[in-house]
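See structure below.
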Amino acid sequence: MYSLIFLALIGAAFGVPLSTNEDSTRNQNLAALYVLPQTSYPTFYDVRLFIDPGYTEAFHGNVSIRIIPNINIDQITIHAMAMRIDSIRVVSDVNPNEDLFSDFTLATDDTHLLTIRLTRNITALQPHVIHIDYVAQYADDMFGVYVSTYEENGRTVNLVTSQLQPTFARRAFPCYDEPALKAVFRTTIYAPAAYATVRSNTPERRDSLKPNEPGYVKHEFEDTLVMSTYLIAYLVSNFNYIENSQNPIYPIPFRVYSRPGTQNTAEFALEFGQQNMIALEEYTEFPYAFPKIDKAAVPDFAAGAMENWGLVIYREVALLVREGVTTTSVKQNIGRIICHENTHMWFGNEVGPMSWTYTWLNEGFANFFENYATDFVRPQWRMMDQFVIAMQNVFQSDAVLSVNPMTHPVYTPSQIIGTFNAVAYQKSGSVIRMLQHFMTPEIFRRGLVIYIKANSRAAAAPSDLYVALQQALDESSHRIPKPISTIMTEWSTQGGFPVLTVRRTAPNADSVFVAQERYLTDRSLTSTDRWHVPVNWVISSNVNFSDTSPQAWILPTFPATAVDVPGLSNADWYIFNKQQTGYYRVNYDVENWVALARVLNNSHEIIHVLNRAQIVDDAFNLARNGRLHYKNAFEISRYLEMEKDYIPWAAANPAFNYLDIVLSGANSYNLYRYYLLNLTAPMFEDLGFDVKSGEEFVTPYHRNIILDINCRFGNQRCISRAQEILQAFKNNPNQRPNPDIQTLVYCSSLRAGNVENFNFLWNMYLGTSDSSEQSILLSALGCTSNAERRNFYLNQIIDDNSAVREQDRHSIAVSVINSSPEGMNVALDFVVENFHRIQPRVQALTGTTNILNTFARRLTTSAHNEKIDELVRRHESIFSAGERASIAAIRENIAASIAWSNSNAGIVENWLKENYGPPSGAKSLTAGLLVLISLFVAIFNH
């Protein structure tokens with residue numbers, strides 16, 4: 001399942017630390033309540049569904065489950081949810097005429113247990129079949145089987161589809177709804193003739209096994225391979241498709257389904273998807289197992305996409321590319337999501353997790369390969385360079401004491417959905433990337449080949465992965481200090497990550513001391529967690545960044561380790577963690593930071609681009625954390641005036657955004673704005689608004705960073721040009737802005753409060769059915785500074801007649817929160833007042849957590865904390881587990897921001913005054929001009 005879910009659940013990565021004994025007892029109690037008893041298991045399901053999208057309340061179904069008792073039993077416990085059980089029969093192969101069913105109970109709590117009691121004991125290992133007739137409710141939150149709609153020629157068209165991961169197959173049919181309890185599935189869907197496109201995981205059968213039913217067309221599908229319940233999928237619609245039958249790149253039938261009239265937007269998915277499948281098959285040395293691949297784009301979908309085996313379902317914006325409308329970023333995201341889901345065909349489908357405790361075995365590998373395997377077929381996208389930026393971002397959520405580790409026991413449905421978070425995705429993917437480099441890429445690949453072949457169609461635990469990787473390592477000449485299982489168990493069962501502090505043992509020595517400790521945002525907290533940390537380095541006298549295998553290991557058993565670095569005595573500077581392949585931060589002695597600033601400002605291209613990004617990111621975050629003086633971070637940042645590569649700018653941008661937030665309202669804020677305008681001036685001239693011939697694929701991202709800083713912080717040329725572009729578009733619809741700068745152009749044109757511009761863009765939103773364009777407009781509309789229009793926009797979240805789909809409504813709040821400090825405060829008041837109305841009107845499970853997590857990144861003061869207190873007082877009784885975790889994250893971040901201001905605001909102000917305040921020489925701003933810029937910014941923003 002792609003990361004639109006986990007991005008909204010970053011807060012759910014946080015938990016309440018318990019003692020070992022408390023944790024163990026709690027887990028035992030939860031397991032007893034929620035985990036199915038290991039007294040029987042399924043081998044085969046025969047599911048019949050009667051689905052009419054025109055009837056939106058419920059559907060009828062029946063299922064026959066062939067089971068094997070492990071012991072003699074007199075009751076069978078499975079899962080069922082949100083359904084009425086009409087009849088149950090239990091029969092054996094030995095005597096199929098004897099019905100052993102006595103009675104049943106269906107739990108009304110979130111255990112969702114259906115307990116079937118029998119008239120007598122049934123014997124261990126004797127196959128039996130459970131027959132159940134039921135009526136199930138369509139899900140109203142897009143988790144389960146649900147009805148979606150779209151507009152076509154002025155009329156509303158219905159379709160039915162599904163999202164069963166992680167615990168919602170039980171809403172489609174009674175089943176053993178745990179990932180390890182795999183079986184073969186036979187599916188038959190009866191649908192009205194008006195719905196011609198009916199799909200499931202396998203192709204339709206050529207023979208007929210089931211009777212016809214009046215008023216329905218029967219669609220019988222071939223039996224699946226052994227698979228988990230959560231991978232079953234359905235689509236009943238009028239969709240059309242394009243396919244690879246005429247010119248196949250990939251030898252298996254490959255189709256892309258979408259709304260009628262959108263088939264031209266599916267061409268990229270068809271081409272890229274096939275190319276990527278070939279690359280993954282070659283890498284894994286294991287063929288895709290199913291006889292077809294369908295990709296379907298549906299208008300309403302809870303996740304970004306879902307890897308159902310043979311029928312992968314996507315949100316439209318995650319699959320369809322419309323030339324001239326889809327941005328470079330969205331197109332890249334579509335490629336990455338396609339690769340993510342393709343990867344799951346091996347990591348998740350072919351080899352699945354033993355339980356959702358090991359969600360990272362699915363999502364961590366999918367996160368890694370969505371970048372690594374996209375790089376195979378689109379190297380110009382620089383996905384593995386961009387991966388480092390994503391890793392730096394996840395450091396933020398992984399730097400709190402309460403964060404859960406990769407392997408984290410979960411039992412309840414809410415706990416399980418909470419595992420689909422930044423830890424399971426981006427952190428796990430980052431640790432896997434580190435694993436690849438410390439094993440070396442080819443040995444790592446060989447280990448994965450062994451893993452997939454050894455565990456095909458089975459349920460795996462991390463230990464199974466480690467055994468396979470160890471075998472590949474043992475068959476090579478490469479050595480590491482401890483077994484894979486020892487090293488990886490530390491990384492997967494401990495939350496957080498280390499910071500290494502490296503300093504020379506003596507001025508002329510050829511060695512360094514390296515100390516590790518857990519990196520925590522709140523330094524008043526402590527942790528004894530330690531790791532086996534692979535390290536490598538570059539010194540100024542021997543600049544080689546290409547070999548990323550370990551040159552040494554920092555062991556968890558020693559507080560500090562002396563590491564020999566030959567040639568260091570003759571080196572001006574040194575860098576640890578080549579290409580930032582290790583999942584950790586690095587701090588240095590002050591002399592080395594000064595030397596790094598010097599080399600960056602004199603000849604930055606000597607240093608690998610990923611290490612330039614690492615140095616910038618580490619420096620600002622270590623300064624934020626009180627481990628480094630801000631002067632050192634700012635001196636390093638000066639080199640960015642000369643930096644023409646996107647990646648270091650992408651690393652710097654979050655630090656600049658953080659300082660923008662915490663300095664807002666401070667005496668130094670206008671100096672800070674001038675510092676950024678000065679820093680970005682060369683790239684503003686170089687990039688401008690217009691695309692140039694031969695630009696890199698990632699240049700649009702770079703342009704957006706530079707233009708955003710300049711338009712937001714008062715560069716009149718930037719603001720005027722943005723307004724000119726929008727006005728030209730208003731005058732002539734054929735002069736549509738370049739999609740890559742549309743959000744920036746629209747947002748900049750709204751900041752002045754122009755009502756006409758807002759209404760123009762809102763009417764654009766109402767008039768488009770393209771999901772990419774809708775996303776751009778939703779992101780921009782929150783930028784308005786007009787109070788009446790902003791309130792109108794926020795109220796679209798709770799307006800039952802709003803044109804904004806529920807799955808997108810959280811974007812309204814996110815847009816307003818991110819627009820400006822004023823917008824954030826208005827949005828905070830709105831959420832405090834209306835949380836009980838927002839919660840049922842945004843996407844279930846993720847909408848409100850997405851909003852709260854956006855606040856977590858922006859709330860900084862004690863006044864904000866008081867508002868959160870009010871939110872809790874008024875609405876705590878309806879908070880979900882994810883919402884509670886997000887509130888905890890908000891409080892922690894506010895406390896950290898207050899502490900930052902107390903410790904660092906004066907330091908930052910002094911540096912800015914010394915370097916950008918009057919009178920400080922050639923680079924300084926005169927007092928009069930500073931006043932003018934301050935006045936203009938104030939007028940423009942208000």
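Keep in mind that glycine also has a Cβ here, set from the backbone N, Cα and C atoms.
The candidate list Glu323, Glu363 contains one residue that Swiss-Prot assigns to the Zn(2+) site with His340, His344, namely Glu363. Recorded disulfide link (Swiss-Prot): Cys783 to Cys747, out of the candidates Cys718, Cys747. Of the listed cysteines Cys339, Cys718, Swiss-Prot assigns the disulfide bond with Cys711 to Cys718. Remark: Asn601 (N-linked glycosylation site) has Glu635, Arg638, Tyr639, Met642 as non-local neighbours, by Cβ distance under 8 Å and separation of at least 6 in sequence. The binding-site residues near Tyr425 (site 'Transition state stabilizer'), taking a 10 angstroms Cα-Cα threshold over the set Gly304, Ala305, Met306, His344, Glu363, are Glu363. In the shown protein chains, 16 other C-beta atoms lie within 10 A of the C-beta of Asn678 (N-linked glycosylation site). Spatial neighbours are here defined as Cα atoms within 10 angstroms of one another, and by that definition Glu307 (substrate binding site) has no neighbours among the recorded positions Asn62, Asn544, Cys711, Cys747, Cys783. By a simple count of nearby Cβ atoms, those within 10 Å, the most crowded of the binding-site residues Glu307, Glu363 is Glu363. Considering only the binding-site residues Gly304, Ala305, Asn308, Glu363, Cys718 (disulfide bond) has Gly304 as its nearest partner by CA-CA distance. Nearest neighbour of Asn308 (substrate binding site) by Cα distance, taken over the recorded positions Asn121, His340, Cys711, Cys783: His340. Under the three-state DSSP scheme, Glu307 (substrate binding site) falls in the coil class.
Cα distances from His344 (Zn(2+) binding site) to the recorded positions Asn62, Gly304, Asn678, Cys747, Cys783 are smallest for Gly304.
Under the three-state DSSP scheme, Cys711 (disulfide bond) falls in the helix class. Around Cys711 (disulfide bond), taking its Cβ as the centre, 25 other Cβ atoms fall within 10 Å, counting all chains.
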